[in-house]
């Protein structure tokens, strides 16, 4: 017992483990993947078939499922057949009809009689696989050929050689392919000359003797052949009129078929037949278009482009006939988009898409598993082609087919719908055929979870309808009590009460707990339930909520019994009854009407149950509907009804009337119908009225409504006739055309060939035309229907003109003057153009008189708007008082500056009475003038107007900034510059910035203000052996300009650089420039030279002291008195100034030099040598004597006196001001532009006279009495340092400045020294702005104010006068100096 219990327990334990595993395995197998689609299609479908009674007929059909290679055991389809929409009942014992193994239908013997036609009809093949579904093939028509019947038989006929004839044989249309012809009871072989028409008739064209004989038509059917009667064809030689034997008729064909458009014409001589499609000539092409049977058109492989109206036109000598027929080409349906297979879950909405094309437009029907889909609330046809299925159920699964059909054929395409279980995931991405409401909101939960691994949510709570309307309901709910996860999504299932088809709608995003269900029916009950999803799948469903939509507001229904009757050609009377449904009385009715073919619908109010529309177009179709209105608004519209207004007589005559003389007794009249909008009905005919000459009696002929020509014959020879044509409708004749005249020939002329050449051609050229005259061909027996004139420059084929045969001259207009034209003239008739005759002519030159000039504009004014813009305005006396321009005139404005160097004129055109001139230079005077032009007429330039543009801040910095040292004052430098290139106004001042740190902030630099008329400035008391950086900024009335680039300069190391310390004046930062202390030989030579020079200077000084006379002292006293009496020194320097001298450095010759004519010393060049090579070395011993000589005639220009003069000329004193008060300026790069000096060219000290000082700068060149001597304290022979110096003549040593009083006429400015300097050794501690390392108190530095003299001005002037000499004395002393220089050269050479 225990053993059995143990075994039972073990068995239960095994089952416990095995059952869950089996369940999970089955579930996984069920939900891992969706069932694949099963291919199911027709490999062969039936086609239209023509059968013969008693003969077998076969309709092919074959269906396949799956891939035989991958699925060899795929189920076979069961094939059934439908006839006229009903399944055929094929009994096993029915031996006449049976289904073959491949599915084809075989009818062994077709039965067909007058009252029994069991086999004729429409057949369809239906294939079914029980496990998949059913599909249906395209439909096919089985037609049974009847008994041969001849509606017309060939009759005896005669034909001329080369002519055409038709032998009739009209049989049943379905038997035409079975008809053939025999001649002399022998089969007739057809060719391009012998053609069988589509109705069975035989065309014999270009007849020959061999074509004569007996002809008969034969129809071969299943039974014995049936033959027609025999007809004899006889060949005749006599002439015959031109006429149609067979005309083309309207025809409709399918794309890809071939077509024969018959056109058989008879006449003698043989007519020429041509075809037109529209207005284009049809040309034969191999394999596409071919003329057969003398005129019939054979078209192969029809396309849609071949459709149109074809015209067969036949011409002979004096006659033309035409016949038209319309070809309609139909296109069988073709699929642009076939329906696709779809996976879906129950309750979802899907859509099968099916886009087709064809001509005429195909109709689309849907079939599900072989049965037609009937549209309903859940099966809807969208956009005429697509099938939408709402709220899927399991029974919707199967094959859906889209069947497209038109008159040219039918096609089908199928797709499979598979409905998956909810726990089977839909393939991703979702099929594109899902509807937007479903596709956009498909959530992971709705697509199923293949392997759930956790609990699902409980049911959502409190599902309520928060908003209920007539056609939508809004649902809200609370989340489940047990969500079992995050990011819940929800699906709402709903269906209308009484139906089992449930639909689904998903929320748009996770966590959303409301949804609006739309497109519901009014006053209907619906059931709703909500299901939550989490990552594990669908949860529990909420309880079902029943909600009823509201009843829709009752608006009027459609007005019944709407009728429309056209009462007049322009009015329609409408009537209708009161709507059967409506909530309240109808307030009014609105009639909507629209002309057919237009999209503009018009409406009009009607208060009763009838209304008459007035003012409509005649014989026009209108679409009309009526809508009733009550207090709730518009009701339901009636259906559209169409009505055509009554016709009327045409309101316009026919168009393009032409008359053409054919022979001596007939005239051809041609025309075009009236405009479509003026026909007012269907044209039933045309009436041609004609009369002879100006007689009042008229004759008339009437044609059919489609005939647009008429040959009027029986006329008199050589007589003039007039014609006019009017159109006819059922209402009568419309207006007639104007009379058109033609004259018959005197005799019948020959038109079998082209006319001869005209007998003469004359041309008479004018300026813009050539008059052409001619005479007709000499042979008057040929018909001439007109003349063709061709002309052109160098070639007669550029232009062509046709004129009437009566015309004998023509004027060719619109030619170019002075051009060589070639002219040709040809006569033509219906056969063609004759031989041309040529002539040439040169048109006369154009003699254009000079047009009278127009009046120039007046009142020209220039209004300055800004620094670069001036508006120019003027008036035009040739315009009306309101000065409104209405013609094509324009004005030219020109302007230029008053700068002599810039004389270029600029112009601009305008059509207004003002012009804005932009892009001008600031502070510049411009002159403006205006000229008017109209066609070829122009005016003279107006009087000028001037305008000066406003100033603006300088746009460039001062240029050519140079820094040089002060002679004998190493701690003083001189800064020179030139005004900015673009000053943009008058410069009112400059600011010099200097610092020892080029990278210091701008407000840390020391500034020196300078007045605007100065281009040089001294900066004193700088620190020795220190590098300084200098920038300059210009200022005008508008503000400060940009700073110049930084120029650096290094002050000397000591007060005397004659030792071995190198050149104390060298420029800092120039590599390769060093002192010469290491060169001992050079040092020895320099020492000897300096000593010799010193001795010579002492000797010369002693000699000069002994030469002073009493007269010189008198002159000094006189000069002293003059100086005391005139404090401003006006005119003094003029009396004391010595003549200009030129000293050649090699020979020291004195030569006169012309003074510069420039009156402004500020603008003179600064004569500073560029390199030390430009200065010849001189013995330093000569320094003192030269210095004394220079003081003898420039003593009044010593440093202090010059400083005083500069102060009186407007130079501001040097002052220290905080930089914070200045406007911020641009940063300037430190880009010194100095040039390196060769070291071998720089001795330690050079003669003072070898360094020329800048002209007009008024700095002192010598040491004053207050300063130590040159040999004692300072290196008088040292070369002044220079930075970015301007080049000048290398030998210019002495500079004599102009008279200061004559240059600066402004009153002297007060000169107030900021600091008093008592001596060179006086040290003054001064606190300045921070300059790099100078932010702390720098070593004491003396400051010299240029405008403050060191000694009283009177004493300085006396000293200057004491140093002056007479010219003869100066010449003598210079001779001694020349001797001394020769000695110096000899010493240095040794």
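Every residue gets a Cβ built from N, Cα and C, even glycine.
TrEMBL lists 1-23 with the feature signal peptide.
The domain 'Ig-like' (39-143) scores a mean pLDDT of 83 in the predicted structure. Per TrEMBL, domain 'Ig-like' is recorded for 39-143 (among others).
Marked as domain 'Ig-like' by TrEMBL: 148-234 (among others).
The domain 'Ig-like' feature in TrEMBL is assigned to 237-328 (among others).
Sequence annotations record features per position, and here TrEMBL assigns domain 'Ig-like' to 333-418 (among others).
Annotation source TrEMBL lists domain 'Fibronectin type-III' at 459-552 (among others).
Residues or ranges marked as domain 'Fibronectin type-III' in TrEMBL: 558-648 (among others).
Marked as domain 'Fibronectin type-III' by TrEMBL: 653-747 (among others). Residue counts of the domain 'Fibronectin type-III' (653-747) by helix, strand and coil are 4 helix, 50 strand, 41 coil (DSSP-based).
Look at TrEMBL and you will find 754-847 (among others) tagged as domain 'Fibronectin type-III'.
What TrEMBL records for 856-952 (among others) is domain 'Fibronectin type-III'.
The domain 'Fibronectin type-III' feature in TrEMBL is assigned to 957-1054 (among others).
Summarising the annotation, TrEMBL assigns transmembrane segment to 1081-1106.
The compositional bias 'Basic residues' feature in TrEMBL is assigned to 1110-1119.
Marked as compositional bias 'Basic and acidic residues' by TrEMBL: 1132-1157.
According to TrEMBL, the compositional bias 'Polar residues' annotation covers 1222-1234.
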Contact call for the domain 'Ig-like' (39-143) and the domain 'Fibronectin type-III' (653-747): at least 3 Cβ pairs under 8 Å, seq gap 6+
no
Across the domain 'Fibronectin type-III' (957-1054), DSSP yields 3 helix, 55 strand, 40 coil
Any chance you could find the range in 459-552, 653-747, 754-847, 957-1054 with the most Cβ pairs under 8 Å to the domain 'Ig-like' (237-328)?
653-747
When the domain 'Ig-like' (39-143) is classified with DSSP, how many of its residues are helical, how many are strand and how many are coil?
0 helix, 50 strand, 55 coil
How do the residues of the domain 'Ig-like' (148-234) split into helix, strand and coil according to DSSP?
9 helix, 35 strand, 43 coil
Can you tell me how the residues of the domain 'Fibronectin type-III' (558-648) break down into helix, strand and coil by DSSP?
0 helix, 44 strand, 47 coil
For a three-state summary based on DSSP, what are the helix, strand and coil counts in the domain 'Fibronectin type-III' (754-847)?
0 helix, 51 strand, 43 coil
